[in-house]
Ligand SMILES: O=C(O)C(=O)[C@@H](O)CO
Ligand SMILES: [Mg+2]
């Protein structure tokens, strides 16, 4: 049975960020996720979760200068110290929020370094962070992003993420399987979900190609939820941009 988390970065944007927790609860969500919490004190975020009885399903490590196009640095050679600082900062937030999944963004390929050295950097950084996070029972997620939305991103394909997660040799490094990106880059989603199987650590959804509610576009979500049910029991993050207002767009959930 699918259970959904509201992505507070993309849903309820009609409201100021701190008011989105209450709105998510009122709309029937038991869990939330968001991209980056670092503009807010972790104590204030924890208070929102507690006040509204919500679970924090996931958030991301600090990605570097987002406005300048940065998308993390976990795979970028030469930025290991920065990665470690960001991993330690995210861990403090995860502990405060009781959150068991943190996404480590790989980054945009640096053309001054080989692909092999990016791969080695990614694996070494993930091993270091996974060992630190394991003491707290927290998983690290790696997420392939499609190359239309994130040109040059180091990780674009689900099978590459699976291979990298296995190469870390750490049980708490998992694949964040976002069906929107996976459909654009890989397709054949029913078979792909079965292939990634127990390495799926988190799931996100949206329509393709518009990234709106999962009730339109080229994916058959009622079927995909049944497939996911066989391989994944965690929250499914609703990481889409509502076509109109968030609440009226949630009618798809009744059929999920
Ligand atoms: O863009 C997405 O998809 C995400 O899940 C963000 O966390 C950025 O990686
Ligand atoms: Mg995603």
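The backbone N, Cα and C atoms fix where each Cβ goes, glycine too.
Quick caveat, the model's predicted, so the values are computed rather than measured.
For 21-255, the entry in TrEMBL reads domain 'Xylose isomerase-like TIM barrel'. Per TrEMBL, active site, proton donor/acceptor is recorded for 143, 239.
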Just counting, how many other CB atoms are there within 10 A of the CB of residue 143 (active site, proton donor/acceptor)?
26
Measuring Cα to Cα, how many angstrom lie between residue 143 (active site, proton donor/acceptor) and residue 239 (active site, proton donor/acceptor)?
13
Looking only at Cβ atoms, how many others are within 10 Å of the one on residue 239 (active site, proton donor/acceptor)?
24
Collapsed DSSP category at residue 143 (active site, proton donor/acceptor):
coil
